Structures are given as C-alpha cells and as structure tokens.
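Here the structure comes first, spelled out in structure tokens, and everything after it is commentary.
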Amino acid sequence: MSNSAVAKWLEEIAAAKAKAQSKASHTQQPHPSNATVDISANSDQTITAGIGSSNAYIQPNPPSLLPTSSQLQRKPISRSQYGTVASFDIKTRKKLLRLVLPPEPIKPAPGECCSNDCDPCVNTIYWQDLVAHRELCKRLTLEYEAACLALASGEDSAGSEEQQTRLDANTGGKIDDENETLDLDQVQDDENGLSIRSYKPFKVLKKRYLSENTLQVVCDVAYPKVPRDMALFHVLIRFRRGDQFVTKAFTPVDMSRSSDAEEIESKVSGSGLEAEAEAESSLSRKLIFLVKLYPSPHATSDMFRALEEYSSTTQHHETGASNENEVLFLRGPIQTGRDILWNSEIAQNPGLAPAVMPNRPMKSRDRDLESNKMKQERIVMIAAGSGITPMYQFLRAIHQYQEQKHEQLEREQRVYNRGNEGEDQVVQEVDLIYCNRTTSDIWLRQELQELCSGPDGPHDSVASDTHIMEDLLAMDTLNTNMSWGTQTETESTLAKSLSGTGSRLRTRRRRVRVQHVLSSLEDHHSHRPYHDLSTVQERIHAGRITRDLLRDTLQQNMDLTENERLQILVCGPPLFNADVSRMLSQLGFQDSKSCEIHILE
Ligand SMILES: Cc1cc2nc3c(=O)[nH]c(=O)nc-3n(C[C@H](O)[C@H](O)[C@H](O)COP(=O)(O)OP(=O)(O)OC[C@H]3O[C@@H](n4cnc5c(N)ncnc54)[C@H](O)[C@@H]3O)c2cc1C
C-alpha cells in the first residue's frame, strides 16, 4: 500500500472515531468534576470524569423497582469494591476517572419487622447501614473530587509505581489498599451461612408434607452453630410476589441427634443403606422449618406449597438452582426481646429456666442461688399447633446444656474421683401440654419423646439408669396425683429397684412430661379412644384444653414454697392464648415473685 493510501485510510479511521465520539458526547449529560452525587438512588452509581478532554459524566444506573438478586445477596459494604477507578481511553489516549458508589441499603418492606422487640431489628440494621452508606459515599466523593483536581492540574501521579498498584483499569480498577468494611455491630455474618444484614438464597433440599397442613422444608444451610447466648432465635423468610415481597418469621428446628451422628461415624464403609442413612442424617443437621399451611388461597402458605426441591439437572446462576421456587431467601439468626433475655439466662445458668420478669432482675436470682435458697424450678409449657417450635427450641437448649454440664461433672468425678455433692441442688421440672386436632397434626412427636426419655437409652450406665429412674419416679408422682393411666408393673419395679440403688450421679434433674390434647375424639387409625393410647412418655387427652386439665397439671404448683418458682409459657394462635390466659387467671395463677406467665405472640 502506498504512503498516500495509508494516510487516507488513517484519515478515514480518525473521522469515524471523531463521529462516534461526538455522538456519545451529545447523548450524555455533562457533569462538572466537582459535582455532588445523589446517593439516594437504590443502585450502584458511577460518575465518570474524562480529564484532559472536556468530558465528565454521571451515569447513575437506572433505579429498579425491586432489588436485584445480587443486591438481595449483598454482603456488608466493603470499601475495597468502590471508589475512584481509573482507566485509559484508547481513542483519545487520555486518562478517565470514574467514581463507583455502593448501592444504598434496601429499606425493610412493611411487615418485615415482626414487632417482637428483636435485637437487632431489621429496621435498626437498615438505619445503621444507611448512615454508614452516606458517610462512605461522602468520603468517596471527596476522594474522587481531589483526584479529578489533581488530574486536571497535572499533579496526577498516574504512571508512578504507587498509582499503578492502586488503579487497575483492566480489572475494573478496584482500590485494593484498604479493606475497611462497614459492619457496624458485633453480629458477624457467616460467609457460607445465614446473614443477619441481608437475605441470602439457599437451595430447598427437601420439601415434605408431614400432614395435610404441615410442611417440612430443609434448606441447604447448616443449623447455625449459634453461641450459647443465642440458643433461641428465628429466621426471616422472604418470598417475591409479583413486584412485592412477603416476609415472615419462622423458628427453625434442630433435628440433629447426637445418637445418629455417632452411629454414622462408627460405620466403616458405606453400603447403599448406610449411604442413605448418612444422607438422611446430614439433612437432619440442616436448617429445617416446620410450616403450618392454611387453606388456599393464603399468600404465605401458597408460596410454601409452590416450593420445589432443588434439581441438579438445571442451573441457576447464583445458587445452582434452576428456578426461584427452588430457593428460599433467608435472613437471620434474629432474636426477639424475649429470646435475648432467656438466652442470656440459659447461658449463665444452663440448668435453669429463664427468669424474664422485668421486675425481677436476674441478679436477684443469682443471689438466691448463691445463698442456695432456690431449689426448684418448674416450667409449664402450653402450646398449640406451630406454637411448639419456640418451646422445642427452648427444651433443646436446656437439654443440650444440661447434657454438657452432666458430662463435665461425670468427667470430673472420674478424673478426680470427686463426689458431686451440692451439684444436684436445682431440680427442673417441665410439663408440656400440647394441643392439636389429631395425632397426625402433632409436630416433633418423636423428638419430644426423646427429650422425655433422654438419648442415653435405659441400659448404658448408672447415669442413664438414674435418669430413667427420675423420669419414672416423676411419672409415679404424676400417676398418683393425676390418675393418668397406669404405670406398667415393669416400669414400677424398675423405678423402685433403681431408687434403692441410690444414685451416684444426681446432677441431671430434668423431668419432661408431655400431655397431648387432641380435639378429635378418637384415633382414626386404631379407632381407639385417645386416652387408651397414653404411654409412659406421653399422656393423651381427647377434647379441648380445659380448666380442669390445667388445674391438674398445675396442682403440684399451687403451694409453692419460697424455694420454688413456676414459669408458665403459652404459645398458640391469639384465641388460644387468650383462652388459656383467662383459665390461668381463674385458677389464681398470676404474675408474682414465685410465678411468671409469658404469652408468646
Ligand atoms: C418469631 C416467630 C416465629 C414463628 N415461627 C413459626 C414456625 O416455626 N412455623 C409456622 O408455621 N409459623 C411460624 N410463625 C408464624 C408465621 O410467621 C406466619 O405468621 C404464619 O405462617 C401465618 O402466616 P401469615 O402471617 O401470612 O397469616 P395471615 O393470613 O396474616 O394470618 C395471621 C393469623 O391468622 C390465622 N389464620 C389465617 N388464615 C387462616 C386460616 N385459613 N385458617 C385458620 N387460621 C388462619 C393464623 O393464626 C395466622 O397466624 C412465627 C411467627 C413469629 C413472629
């Protein structure tokens, strides 16, 4: 090609470039390099300043009605992702500066706050994040303006080694010398688990109807290893419904059983059955929700019905799930005001029930304990339907910590050959009255039975024998007092013979007794009246909860000594709570120094 041809060709290219450039500058808003940025738009924002050419642009991303799934997933704002980004315009060979601002936090939707005095409340988190976001945007904007001025006045050190490490045009120009994050409070988000600051998507691993109106949903996230002072908590589940969100609170249930885990570990190789058991056992360690389904049309229930189990054949760009119905957006763990008080008390006194009366500060209980005055804690739980979930969480927490305490004492006794006199001062008794329509509506029945009899089984050790003995003796007392069915001869003999042996380990003094109240009169499967189905672990009554039943259960709590204290927890639908409160008041149970009544809404 001749020189003139080459020159002509270059001219044509330059003309085309100039044309394209002038077209771009007409379609974009000129922006002075010291412009302030409106940070209220709910999206990432970019300001570009072309210094050296007259181009300076603000390019806010169009605000969308709904946050994108990446925003839903957003981690705490990291300083390193945003700020002044430099690049070079290949055409003009001039340096461009760009300001990338973080997205504004998403305001909680109406109804997202469950009004249970949670700490942190989703609204508090939002306001904290908003303040932090504004401060960060202000700082980044100032930095950007300073960089623009420096570039315009030729003081920009681009090209220097230092600047090159800060600016990386090819990778989007991340500022990589600062790792400051805006995580304002102490609650740490778990990278792979739940986050308290934002909704994260998790695959639905299993969806199973336990009954016509009960759904069990297993999510692909481990039941959080919450610290001792966070044993009681709930999780927010968010569904997208058209262009709106529906957010509801649910209490996950911990279905992992140590006996299962040990069994799996003891297996050497994995046959088909073993692998199946292992898969089932690993599912039991996941976050599991029990959901009460209401007849359709019911927004929340219908969205749960529409959930699908994750299928590995199709792919979702974020979670690997094929469609939105295979994913649940979760946020947590969140504690209600009540949870916080109980959690701190369980953490301090694992063997004890909570004392949450505002007029009875925990210190007074500690004094009681120090002076060895308080010896008996009684808890009566009265639940209906899904109201069992917080009760079960509570029972699990107490059970778990008592197990730990028991093991610790057992170890100490073995190692130091030390007796544990004085350790068995506090006795805790728990009665649970659980109301449903039929046996198939009972949630966590097996798990409750296990809590009644303990995980050790009757033949393992003196400790477990002692435990069983205590349960049986407790039953004996109940049978005498309440004329519930009859204890079998074997049970009675075992209780008596064990009571004769004396107990070497008397630290575990938990007694859980379960009574089911079923409003349907007979069992549909066996066609036998419900009271015939009572066992040593659970009593079954037909009908509705009555004042007489409450009186019988509470009978032994009528005349509390100054060393005893009674806690009554009620959790069910509003009408049920109101009915039970009325009956308790008719029976003379009111909040006092020795009796605390908690209605869980
Ligand atoms: C901290 C916390 C933890 C919770 N944990 C659980 C849990 O583990 N499992 C669980 O299932 N729920 C749980 N809930 C309740 C759950 O969040 C929802 O409120 C519940 O599923 C009802 O859905 P909704 O609010 O959309 O019902 P809404 O339609 O707003 O109705 C509110 C209430 O009216 C009654 N109701 C509505 N429709 C019907 C109907 N067709 N028939 C009979 N009664 C009806 C129900 O009592 C319902 O709770 C929890 C709530 C809180 C605050």
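Residue numbers in this text run from 1 along the chain shown.
Every residue gets a Cβ built from N, Cα and C, even glycine.
Taken from TrEMBL, the feature region 'Disordered' applies to 18-40 (among others).
As annotated by TrEMBL, compositional bias 'Polar residues' applies to 26-40 (among others).
What TrEMBL lists as region 'Disordered' is 52-78 (among others).
The compositional bias 'Polar residues' feature in TrEMBL is assigned to 66-78 (among others).
Annotation comment: TrEMBL describes 352-371 (among others) as region 'Disordered'.
Broken down with DSSP, the domain 'Oxidoreductase FAD/NAD(P)-binding' (381-451) shows 42 helix, 14 strand, 15 coil. Summarising the annotation, TrEMBL assigns domain 'Oxidoreductase FAD/NAD(P)-binding' to 381-451.
Taken from TrEMBL, the feature FAD binding site covers Thr389. The 10 Å shell around the Cβ of Thr389 (FAD binding site) contains 22 further Cβ atoms across the protein chains shown.
Summarising model confidence by region, the domain 'Oxidoreductase FAD/NAD(P)-binding' (381-451) averages a pLDDT of 79.
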